[in-house]
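Below is one structure, written out as C-alpha cells; the observations come after it.
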Amino acid sequence: MQTYLLSQQFNAEYLAENSTACPANATICNGTSCVLPEDNFNETLSVVLSTVLTIMLALVMFSMGCNVELQKFWAHIKRPWGIFVGFLCQFGIMPLTAFLLSLIFDVLPIQAVVVMIMGCCPGGTASNIIAYWVDGDMDLSISMTTCSTVFAMGMMPLCLFIYTKMWTDSDAIVLPYDSIGISLVALIIPVSFGMYVNHKWPTKAKIILKIGSIVGAILIVLIAVVGGILYKGSWIISPKLWIIGTIFPAAGYILGFFLARLAGLAWHRCRTVSLETGMQNTQLCSTVVQLSFSPEQLELMFTFPLIYSIFQLLFALLILGGYRVYRRHRVKTKTDVEKTEGKEDSKPTPSQAQINGGFVSNETK
C-alpha cells in the first residue's frame, strides 16, 4: 500500500513538472484549467514608448519652431486668409469626405462613426515635419496646426453632431478635451522656445533645425513601427475600411491643394495646406474611439486610425519624393537657361548698341 502511494505521488510530481497544460506562473490550477496572471507587456511597452515618443516629439517641435519667425507668424494671425482656407479644408472638406466615403462603401454604422471621428480630428504635428522637407511655409504650418487644435474644441462636437445622426447618438461619443488641451500645450510650448531661439541666436537655430528635421523623420517611421507592434493582434478588419483608409488621406491631400490654389495661395502655401489637410491627429482619434466604445465594438474598427496613419505617411513620402524630383529637375533646367542667356548676352548686337546710345565698338564693325 505504501509503495502504491509513493508511486502515485511520484506520478503527480512528474506530471506537475512536465505538463505544458498548466504553466508554472499560473495563479490557479485545477487539472488542465489554469488562470494566468494578466499579461501587461503591451501596457508597459505602451507607457514607456509613449513617454519616449512624447519627449522626442517635443524636441522635434522645438526644432521646427527654430524655423518660425515671430513677425511672419504674427502676420498670419493678423491676416488669417491662409488659416481660414486651412480651416475650411480641415473642418469642411475632411468631415464631408468621411461622410461620403462611409455612404459609398456602405460600412457598418459603428465603422462609419470611426471614419467620421477621423475626419473631424484636427491636423497632426507630423505635417509640420513634412512641410519643412517640401519647402512649405513653416509659419503657416505651425499656425494652422495650432489653430485647428484650438478650433477642434468646438468644431469636433459640431461636425459629429451633424454627420453622425443617421448612425448613432452624438452624445455617445466622448471627446477627450484634456487630451486636446495636452496636445495644444505640447505644441505651443516647444514651438515658442524654438521661435525665441531663432530670434536671439539665428545661426544656432539653423543647426538645431537640421538636426530636428532628421530626428522628426525618424520619429514618424518609429511611430508607425510602434503602432504595428502594439496592435499586432488587431489587423483582422473589414476590407472596406482598408480601402477607405487608403483613399481618405489621398483625397485630403488632393482636395486641400486644389482648394488652396483656388483661393489664390502661393505654391509653397498650397503644399502646406495640402499636408495640413491630409495629415490628421490619429492619436486623438484612437483616444476618442477607446473612450466611446465597448471592447466588442472596438474589434470592428479599432485599427482604422492606425491604417489611416500608415497611408497618410505613405502618401506624404510620395509627395516628398515627387517634390524633390521636381525641384532637382527645375533647378537644373533653370541653370541651363541662365547659362544659355549668358552666352547670348555676351555677344553685343546692333540693336543692343542702338538701345545703349548708338555706340558701336570697332570690333563689331
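Heads up, residue numbers simply count up from 1 along the chain you see.
Just so you know, glycine gets a Cβ as well, placed from its N, Cα and C.
Since this is a predicted model, take the numbers as computed values, not measurements.
Quick look at what TrEMBL lists:
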TRANSMEM  45-63  transmembrane segment
TRANSMEM  83-105  transmembrane segment
TRANSMEM  112-134  transmembrane segment
TRANSMEM  140-163  transmembrane segment
TRANSMEM  175-195  transmembrane segment
TRANSMEM  207-230  transmembrane segment
TRANSMEM  242-267  transmembrane segment
TRANSMEM  306-326  transmembrane segment
REGION    336-365  region 'Disordered'
COMPBIAS  336-347  compositional bias 'Basic and acidic residues'
COMPBIAS  348-365  compositional bias 'Polar residues'
**Request:** Could you name the stretch, out of 83-105, 112-134, 140-163, with the greatest number of CB pairs under 8 A to the transmembrane segment (242-267)?
**Result:** 83-105
**Request:** Count, for each of 83-105, 140-163, 175-195, the Cβ pairs lying under 8 Å from the transmembrane segment (112-134), and report the range with the highest count.
**Result:** 140-163
**Item:** Non-local residues, at least 6 beyond the ends, that sit with Cβ under 8 Å of the transmembrane segment (175-195)
**Value:** 54, 57-59, 61-70, 73, 122, 125, 142, 145-146, 149-150, 152-153, 156-157, 205, 208, 281, 283-284, 287-288, 291
**Beyond the flanks of the transmembrane segment (140-163) by 6 or more, those residues with Cβ under 8 Å of it** = 64-65, 68, 73, 76-77, 80, 82-83, 86-87, 90-91, 95, 98-99, 116-117, 119-125, 127-128, 131-132, 170, 173, 175, 177, 180, 183-184, 187-188, 191, 269, 272-273, 275-276, 281, 284
**Asked** When you scan the chain for residues with a C-beta under 8 Å from the transmembrane segment (83-105), skipping those not six or more beyond its ends, what do you find?
**Response** 76-77, 111-112, 115-116, 118-120, 122-123, 140, 143-144, 147-148, 151, 155, 159, 162-163, 240, 243-244, 247-248, 251-252, 255-256, 259-260, 263, 265, 273, 276-277, 280
